Amino acid sequence: MVLIRVLANLLLLQLSYAQESSELVIGGDECDINEHPFLVALHTARSKRFHCAGTLLNKEWVLTAARCDRKNIRIKFGVHNKNVQNEDEEMRVPKEKHFCVSSKTYTRWDKDIMLIRLKRPVNDGTHIAPLSLPSNPPSVGSVCRIMGWGSITTTKVTYPDVPHCANIKLFDYSVCRDAYKGLPEKSRTLCAGILEGGIDSCKVDNGGPLICNGQFQGIGSWEGHPCAQPLKPALYTNVFEYTDWIEGIIARNTTVTCPP
């Protein structure tokens with residue numbers, strides 16, 4: 001049953017890529033309730049307001065951005081409408097946090113990744129299912145799906161009750177180098193967006209997935225301010241570049257090292 005559910009979710013994602021996102025993530029539409037069983041929401045014990053998103057890899061592990069780390073993190077699974085609890089909705093706390101560098105330092109172009117082991121595994125449900133790591137590297141020109149509870153307006157922060165989804169395109173990294181001063185010649189990040197502007201990830205979407213051609217290829221890292229401006233794509237941590245590190249940590253391999 002779990003395999004059937006995962007395959008059905010992947011089929012739904014593929015169908016989503018065939019649709020054009022044309023409305024208000026920014027510039028998107030409300031996600032279908034069955035489209036994002038792997039999407040998780042992060043908040044702290046003191047605040048119920050979501051500050052980041054993440055992706056469920058299996059019953060015990062979540063992948064998100066290093067910039068999403070906080071004290072007393074709470075992770076919610078199976079959430080759609082923040083004000084309406086799903087019957088299979090669950091909450092967990094971290095047991096372990098793994099960063100690509102021991103100091104937890106990261107930059108806007110490198111090592112913005114955090115792997116969380118849950119204190120207690122989550123249960124499979126209608127609205128809870130994992131998303132696999134990518135089996136192939138991403139291809140420039142791919143249509144990618146973004147999603148999250150981030151702001152849906154640029155000039156004034158407006159957080160929706162339900163996650164928004166949108167389609168964007170994957171560009172060569174040089175496009176982001178042209179858009180933002182100070183980016184190094186090479187980076188383990190992906191550049192994605194809409195050059196005309198109007199569609200983009202935004203505040204609180206950090207840590208959420210970038211899904212290209214049905215594969216989990218990126219983690220929301222940072223975007224221009226304000227969001228969704230022309231010629232200002234967002235940057236996403238390249239998940240494929242970190243798969244060996246991720247799989248090693250999950251397998252309890254104490255010798256695994258982060259990519260240089």
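Residue 1 is the first one shown; counting continues down the chain.
Here the Cβ of each residue, glycine as well, is placed from N, Cα and C on the backbone.
Lifted from Swiss-Prot, the feature list:
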- 1-18: signal peptide (SIGNAL)
- 25-251: domain 'Peptidase S1' (DOMAIN)
- CYS31-CYS165: disulfide bond (DISULFID)
- CYS52-CYS68: disulfide bond (DISULFID)
- CYS100-CYS258: disulfide bond (DISULFID)
- CYS144-CYS212: disulfide bond (DISULFID)
- CYS176-CYS191: disulfide bond (DISULFID)
- CYS202-CYS227: disulfide bond (DISULFID)
- ASN253: N-linked glycosylation site (CARBOHYD)
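Sequence features, as recorded in Swiss-Prot, placed on the structure.
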{"residue": "CYS31", "record": "disulfide bond", "DSSP (3 states)": "coil"}
{"residue": "CYS52", "record": "disulfide bond", "DSSP (3 states)": "strand"}
{"residue": "CYS68", "record": "disulfide bond", "DSSP (3 states)": "helix"}
{"residue": "CYS144", "record": "disulfide bond", "DSSP (3 states)": "strand"}
{"residue": "CYS176", "record": "disulfide bond", "DSSP (3 states)": "helix"}
{"residue": "CYS202", "record": "disulfide bond", "DSSP (3 states)": "coil"}
{"residue": "CYS212", "record": "disulfide bond", "DSSP (3 states)": "strand"}
{"residue": "CYS227", "record": "disulfide bond", "DSSP (3 states)": "coil"}
{"residue": "ASN253", "record": "N-linked glycosylation site", "DSSP (3 states)": "coil"}
{"residue": "CYS258", "record": "disulfide bond", "DSSP (3 states)": "coil"}
Counting across all protein chains, other CB atoms within 10 angstroms of the CB of CYS31 (disulfide bond) number 22
Taking CYS144, CYS258 as the disulfide-bonded residues to compare, which has the smallest set of other Cβ atoms within 10 Å?
-> CYS258
Does anything in the same chain, at least 6 positions from ASN253 (N-linked glycosylation site), have a Cβ under 8 Å from its Cβ, and if so what?
-> none
Would you mind giving the whole-number mean pLDDT across the domain 'Peptidase S1' (25-251)?
-> 94
Please tell me which one of the disulfide-bonded residues listed here (CYS68, CYS100, CYS176, CYS202, CYS227) sits closest to CYS165 (disulfide bond), measuring Cα to Cα?
-> CYS202
